[in-house]
């Protein structure tokens, strides 16, 4: 089983026999306290590193879930972080022998040295394994993050290119439709203008024709008026002459009728 701070704390060494050399008990206890503290610190550091790796894995999973359209891009599965190799079980510590007057002090010194060496080796191994695992996990997380960023950038650039292409196609289609509508509107306007000009020409021709007819009619009426005046004048003159001739045929001393006729003739002459 792996060495724990409790093992270091609870270890007990037998005292050397009287007259034999041995380590100072206070110094050994102080060193064991340091070993216990360092081992506890390394275990806590290893636990913190494992927690940090778990947090990085959770953040990576959240990034994969929240990356939106990038999730559609097929990606190679992220390599699983290597599991730390289990620490080899330390050699079982020999149970402390009961204090005896004939136990050599060399055994106690050797046991203490083995415990210290084993504790130092275990601490170094835990530190190395924890650092290696943390560096590997951080490298994997960094690689996965860079790959996700690269995939997201590639996807974003592709989406931007597609959007730009669609926008250009829509703009070209709108321009084509606008040109067609303008051409049709111009053709319609030209047709309306040509039709208006044709109708104007027809109306003006009709007006000109009617004017000519009216002018001809007016000339006819003027001619008729002149001819009528001439005929009327001739008729009136002939009537006056006839009245004068009749008046001259009546005797001078004829009665009132003769005087009246003579007067009427004079009146007609005066009117002429």
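Even glycines carry a Cβ here, placed using N, Cα and C.
Fair warning: this is a prediction, and the values are worked out from it, not measured in the lab.
Summarising the annotation, TrEMBL assigns compositional bias 'Pro residues' to 78-97. Taken from TrEMBL, the feature compositional bias 'Low complexity' applies to 98-107. Residues or ranges marked as compositional bias 'Basic and acidic residues' by TrEMBL: 184-197. The region 'Disordered' feature in TrEMBL is assigned to 1-22, 64-107, 167-197, 249-272.
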So how many of the residues in the region 'Disordered' (167-197) end up helix, strand or coil by DSSP?
31 helix, 0 strand, 0 coil
Going by DSSP, how much of the region 'Disordered' (1-22) is helix, how much is strand and how much is coil, in residues?
6 helix, 0 strand, 16 coil
